[in-house]
Amino acid sequence: MTKLLNDALVFFSLFGLGLSFYSYIIELSVEMDENYVASCDFSEHMSCTKAFKSEYGKGFGILGRLLGNDSVFNLPNSLYGILFYSFLATVGFSDSTFTTTIALGATVLSNCASVYFASILIFILKDLCVVCVTIYVINFINLILVYIKLGRLRQEEKLKQN
Ligand SMILES: C/C(=C\C[C@@]12O[C@]1(C)C(=O)c1ccccc1C2=O)CCC[C@H](C)CCC[C@H](C)CCCC(C)C
(Lines of atoms letter the chains of each structure in order from A; the text may use other names.)
(Lines give C-alpha, C1' and ligand atoms only; values in the text may rest on other atoms or scores of the structure.)
Protein backbone atom coordinates (compact mmCIF):
# COMPACT_ATOMS: atom_id res chain seq x y z
CA MET A 1 0.00 0.00 0.00
CA THR A 2 2.96 2.32 0.55
CA LYS A 3 4.73 1.17 -2.66
CA LEU A 4 4.02 4.37 -4.62
CA LEU A 5 4.91 6.51 -1.58
CA ASN A 6 8.19 4.64 -1.14
CA ASP A 7 9.02 5.08 -4.83
CA ALA A 8 8.33 8.82 -4.62
CA LEU A 9 10.34 9.11 -1.41
CA VAL A 10 13.34 7.31 -2.89
CA PHE A 11 13.03 9.37 -6.07
CA PHE A 12 13.09 12.73 -4.26
CA SER A 13 15.86 11.57 -1.92
CA LEU A 14 17.98 10.64 -4.95
CA PHE A 15 17.12 14.05 -6.43
CA GLY A 16 18.50 15.67 -3.26
CA LEU A 17 21.51 13.37 -3.41
CA GLY A 18 22.16 14.45 -7.02
CA LEU A 19 21.93 18.15 -6.12
CA SER A 20 24.28 17.62 -3.16
CA PHE A 21 26.81 15.87 -5.43
CA TYR A 22 26.44 18.67 -7.96
CA SER A 23 27.03 21.32 -5.25
CA TYR A 24 30.10 19.48 -4.02
CA ILE A 25 31.60 19.29 -7.52
CA ILE A 26 30.93 23.01 -8.02
CA GLU A 27 32.65 23.78 -4.70
CA LEU A 28 35.70 21.71 -5.62
CA SER A 29 35.88 23.27 -9.08
CA VAL A 30 35.70 26.83 -7.73
CA GLU A 31 38.34 26.01 -5.16
CA MET A 32 40.77 24.61 -7.75
CA ASP A 33 40.19 27.23 -10.46
CA GLU A 34 39.21 30.77 -9.49
CA ASN A 35 38.17 31.53 -13.07
CA TYR A 36 35.69 28.65 -13.08
CA VAL A 37 32.17 29.78 -13.95
CA ALA A 38 29.52 27.61 -12.27
CA SER A 39 26.43 26.76 -14.32
CA CYS A 40 24.24 27.73 -11.34
CA ASP A 41 25.68 31.26 -11.25
CA PHE A 42 23.30 33.38 -13.28
CA SER A 43 24.02 36.87 -11.96
CA GLU A 44 25.30 38.80 -8.94
CA HIS A 45 22.10 38.22 -6.97
CA MET A 46 21.35 34.80 -8.45
CA SER A 47 24.45 32.88 -7.51
CA CYS A 48 24.98 29.48 -5.95
CA THR A 49 28.73 29.86 -5.36
CA LYS A 50 28.05 33.00 -3.32
CA ALA A 51 26.21 30.73 -0.86
CA PHE A 52 28.62 27.79 -1.05
CA LYS A 53 31.72 29.96 -0.63
CA SER A 54 30.23 32.02 2.22
CA GLU A 55 31.08 31.31 5.85
CA TYR A 56 27.72 29.47 6.03
CA GLY A 57 28.67 27.02 3.28
CA LYS A 58 30.76 24.89 5.62
CA GLY A 59 29.64 23.07 8.75
CA PHE A 60 26.26 24.90 8.50
CA GLY A 61 28.14 28.06 9.49
CA ILE A 62 28.02 26.74 13.07
CA LEU A 63 30.45 23.83 13.45
CA GLY A 64 33.46 25.98 12.59
CA ARG A 65 32.65 28.31 15.47
CA LEU A 66 31.91 25.51 17.91
CA LEU A 67 34.72 23.10 17.02
CA GLY A 68 37.22 25.35 15.26
CA ASN A 69 37.55 25.96 11.54
CA ASP A 70 40.07 23.14 11.18
CA SER A 71 37.83 20.51 12.78
CA VAL A 72 37.28 17.34 10.75
CA PHE A 73 33.53 17.91 11.10
CA ASN A 74 33.66 21.38 9.53
CA LEU A 75 32.85 19.91 6.10
CA PRO A 76 31.05 21.58 3.18
CA ASN A 77 27.26 21.44 3.71
CA SER A 78 26.95 19.50 0.48
CA LEU A 79 28.85 16.58 2.02
CA TYR A 80 26.36 16.47 4.90
CA GLY A 81 23.67 16.60 2.22
CA ILE A 82 25.20 13.54 0.51
CA LEU A 83 25.14 11.63 3.82
CA PHE A 84 21.63 12.79 4.63
CA TYR A 85 19.97 11.96 1.30
CA SER A 86 21.76 8.59 1.06
CA PHE A 87 20.32 7.77 4.47
CA LEU A 88 16.84 8.94 3.48
CA ALA A 89 16.89 7.03 0.18
CA THR A 90 17.84 3.86 2.10
CA VAL A 91 15.20 4.10 4.84
CA GLY A 92 12.64 5.08 2.19
CA PHE A 93 12.41 1.39 1.22
CA SER A 94 11.49 0.31 4.73
CA ASP A 95 7.90 -0.30 5.80
CA SER A 96 8.75 -0.51 9.49
CA THR A 97 6.93 2.01 11.68
CA PHE A 98 10.05 2.50 13.77
CA THR A 99 12.33 3.25 10.81
CA THR A 100 9.74 5.58 9.31
CA THR A 101 9.46 7.46 12.61
CA ILE A 102 13.22 8.01 12.46
CA ALA A 103 12.79 9.20 8.86
CA LEU A 104 10.10 11.64 10.00
CA GLY A 105 12.47 13.08 12.60
CA ALA A 106 15.18 13.43 9.97
CA THR A 107 12.89 15.20 7.49
CA VAL A 108 11.61 17.56 10.21
CA LEU A 109 15.25 18.38 10.99
CA SER A 110 16.05 18.99 7.32
CA ASN A 111 13.12 21.42 7.08
CA CYS A 112 14.48 23.32 10.07
CA ALA A 113 17.76 23.47 8.14
CA SER A 114 15.82 24.81 5.13
CA VAL A 115 14.31 27.66 7.18
CA TYR A 116 17.73 28.47 8.66
CA PHE A 117 19.51 28.50 5.29
CA ALA A 118 16.69 30.38 3.58
CA SER A 119 16.91 33.20 6.15
CA ILE A 120 20.66 33.40 5.61
CA LEU A 121 20.10 33.69 1.85
CA ILE A 122 17.40 36.34 2.22
CA PHE A 123 18.65 38.48 5.12
CA ILE A 124 22.42 38.10 5.12
CA LEU A 125 23.63 37.13 1.66
CA LYS A 126 20.66 38.74 -0.21
CA ASP A 127 21.12 36.05 -2.82
CA LEU A 128 18.87 33.70 -4.76
CA CYS A 129 20.63 30.35 -4.94
CA VAL A 130 18.52 28.19 -7.26
CA VAL A 131 20.15 24.92 -6.13
CA CYS A 132 19.47 25.81 -2.48
CA VAL A 133 15.82 26.69 -3.09
CA THR A 134 15.31 23.44 -5.00
CA ILE A 135 16.75 21.60 -1.98
CA TYR A 136 14.19 23.32 0.29
CA VAL A 137 11.36 22.21 -2.00
CA ILE A 138 12.66 18.63 -1.97
CA ASN A 139 12.94 18.67 1.85
CA PHE A 140 9.33 19.80 2.09
CA ILE A 141 8.07 17.17 -0.35
CA ASN A 142 9.97 14.49 1.59
CA LEU A 143 8.40 15.65 4.85
CA ILE A 144 4.88 15.37 3.40
CA LEU A 145 5.63 11.93 1.89
CA VAL A 146 7.09 10.52 5.13
CA TYR A 147 4.19 11.96 7.13
CA ILE A 148 1.57 10.34 4.88
CA LYS A 149 3.51 7.06 4.88
CA LEU A 150 3.73 6.91 8.67
CA GLY A 151 0.00 7.57 8.93
CA ARG A 152 -0.73 4.66 6.61
CA LEU A 153 1.67 2.30 8.40
CA ARG A 154 0.04 3.07 11.74
CA GLN A 155 -3.41 2.52 10.25
CA GLU A 156 -2.33 -0.85 8.82
CA GLU A 157 -0.97 -1.85 12.23
CA LYS A 158 -4.30 -1.04 13.85
CA LEU A 159 -6.20 -3.06 11.25
CA LYS A 160 -3.96 -6.07 11.89
CA GLN A 161 -4.55 -5.93 15.64
CA ASN A 162 -8.34 -6.08 15.25
C1 LIG B 1 22.99 21.67 -1.49
C2 LIG B 1 23.35 21.44 -0.08
C3 LIG B 1 23.99 22.37 0.67
C4 LIG B 1 24.37 23.76 0.22
C5 LIG B 1 23.71 24.90 0.83
O6 LIG B 1 22.70 25.07 -0.06
C7 LIG B 1 22.32 25.14 1.17
C8 LIG B 1 21.52 24.10 1.80
C9 LIG B 1 21.88 26.55 1.45
O10 LIG B 1 20.71 26.79 1.42
C11 LIG B 1 22.86 27.57 1.77
C12 LIG B 1 22.43 28.85 2.16
C13 LIG B 1 23.34 29.82 2.51
C14 LIG B 1 24.70 29.52 2.50
C15 LIG B 1 25.13 28.24 2.12
C16 LIG B 1 24.20 27.26 1.74
C17 LIG B 1 24.66 25.94 1.33
O18 LIG B 1 25.83 25.64 1.39
C19 LIG B 1 23.06 20.08 0.54
C20 LIG B 1 21.75 20.04 1.31
C21 LIG B 1 21.91 20.28 2.75
C22 LIG B 1 20.74 19.82 3.55
C23 LIG B 1 19.74 20.93 3.87
C24 LIG B 1 21.33 19.24 4.78
C25 LIG B 1 20.35 18.55 5.69
C26 LIG B 1 21.20 17.99 6.79
C27 LIG B 1 20.45 17.44 7.97
C28 LIG B 1 19.47 18.38 8.61
C29 LIG B 1 21.46 17.00 9.01
C30 LIG B 1 22.23 15.84 8.57
C31 LIG B 1 23.19 15.41 9.64
C32 LIG B 1 24.25 14.47 9.08
C33 LIG B 1 25.17 14.10 10.22
C34 LIG B 1 23.70 13.27 8.39
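Note that Cβ sites are derived from N, Cα and C of the backbone, with glycine treated the same way.
Per TrEMBL, the features are:
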DOMAIN    2-150  domain 'Vitamin K epoxide reductase'
TRANSMEM  7-26  transmembrane segment
TRANSMEM  77-94  transmembrane segment
TRANSMEM  101-124  transmembrane segment
TRANSMEM  130-150  transmembrane segment
Under an 8 Å Cβ to Cβ limit, what residues of the same chain, 6 or more beyond the ends of the transmembrane segment (77-94), are close to it?
6, 9-10, 13-14, 16-17, 19-21, 23-24, 27, 52, 56-60, 100, 102-103, 106-107, 110, 135, 142
Can you give the mean pLDDT for the domain 'Vitamin K epoxide reductase' (2-150), rounded to a whole number?
96
The domain 'Vitamin K epoxide reductase' (2-150): DSSP-derived helix, strand, coil residue counts
108 helix, 4 strand, 37 coil
